[in-house]
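Written below as structure tokens is the structure these notes are about.
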Amino acid sequence: MTGRQRRPDRGRRPAPRKPGPRRPPAQDPARRAALDVLRAITERDAYANLLLPELLRERRISGRDAALATELTYGTARAQGLLDEIIAACLDRPLKTVDRVVLDGLRLGAYQLLRTRIPPHAAVASTVDLVREEAGSHVSGFVNAVLRRVAEKDEQSWLEQLTPDRESDPIGHLAIRTAHPRWVARAFAEALGDKGAELEAALRADDERPAVHLLAKPGEISADELAAITGGDVAPYSPYGVHLPSGGGDLAESEVIRERLAAVQDEGSQLVALAATKAALEGADERWLDLCAGPGGKAVLLGSLAAVSGATLDAVEQAPHRAKLVEEATEGLPVTVHVADGRDPGLEPRYDRVLLDAPCSGLGALRRRPEARWRRQPSDVADLTRLQSELLASAFRLTRPGGLVTYVVCSPHLAETDGVFTEGARRAGAEVLDAREFFPGVPALGDGPAVQLWPHRHGTDAMFCAIARAR
Ligand SMILES: C[S@@+](CC[C@H](N)C(=O)[O-])C[C@H]1O[C@@H](n2cnc3c(N)ncnc32)[C@H](O)[C@@H]1O
């Protein structure tokens, strides 16, 4: 800190005003919106991709202001841990002693300084104004001083200062360079195994905006027809998939969706649900079960295929509001929704096919949730694997001998994927199948027997899929 800057100790005081997106827009609506969302993420675990659009609508922010608000919110949320390291290097006291509203403001200011073309004086002055509105004028000097120190270097120079050496600490190096927590970078590296050379691509894919994929509901419309109507492209791997052109998110609200001919669904989710229906069965193939069905994406595809083949689907979901979403999504299909705990749903067993799309860390969908990579903690995984194992044991109990259990998570974390599945199948005495056979035409599926999809390889979420035949 230079001598003429004020001491940064005043930032410790709590914000006197209650934060919240409902305050009338200030003179700087884009940055105000961004800061309000960042505060809601910090204070009440809000999701940026849900709150920001709502807030832009409510405040009638559109055009360039909306684009700026989106860039600043998503960019700052994604880079949060890296920004914190840089801000910490500009403080003469621990980062955790900085008041939360001030820290959110500093992150927003640092992001503008390091990753946008906004002139530094504008980035600093606008941030000081915003934080002063929130926390009072006593913090202005602190915010100004810290941001001026951040602005002394560009991002590259900060990275050179903060990044561990690539040779001695390759994971720490890439974690900082791609703004990921180290434990997430390590989990990706372990899942990629000796193909760790892809690690950088895998991590960088989390910063890319995913294309919108549609499901052409089997029996309702073909992928070719849907592509023609929406101006999209038939998906490369899923026979029911369509990729919308970039910026085509609004098409997701189109008539084909309202009329339930199609639904928004990542191609990876389509592929794993399809895989669950593909392996050959001896005997009956009529009773299907989706053990964790909410909000119903895969139940729609399974229910549509069940309707075509004459099967029925039971869909279990523990959370009543999510079960309701499954009911709405599967209306008109041969699907019965049950609000129950999948570990003991009280259903008649002997299902022919069971899909367990288990609750998971969601590390495979970080590109969809800008703040998620910093919110998740390694300890979450231990809790989740316990639940996943219990649900998998239940899935095997509910399946008839010779029937099929498909285990899916949207995560590449080995504890949630191979760890849970291999042990669960062993305990059930089940025969593990080579799931790659049920992803025809999909390249780079790895060494099997399970399948791990990746955004950087397949353009899908990082879905894991393993299949076993119950004995
Ligand atoms: C990964 S999501 C399923 C996504 C869904 N298959 C789809 O494609 O839309 C996991 C779901 O499991 C539900 N869940 C969590 N614990 C459960 C339990 N013990 N029994 C049943 N459902 C549970 C969650 O509420 C959540 O809706």
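Here the Cβ of each residue, glycine as well, is placed from N, Cα and C on the backbone.
When the candidates ASP341, ASP380, ASP383 are compared with the S-adenosyl-L-methionine site entry in TrEMBL, which names CYS292, ALA293, GLY294, PRO295, GLY296, GLY297, LYS298, GLU317, ASP357, the shared residue is ASP341. Taking all protein chains in view, 25 other C-beta atoms sit within 10 angstroms of the C-beta of GLY294 (S-adenosyl-L-methionine binding site). LYS298 (S-adenosyl-L-methionine binding site) and CYS410 (active site, nucleophile) have their C-alpha atoms 13 Å apart, to the nearest angstrom. If you draw a 10 Å sphere around the CB of ASP341 (S-adenosyl-L-methionine binding site), it holds 13 other CB atoms from the protein chains shown.
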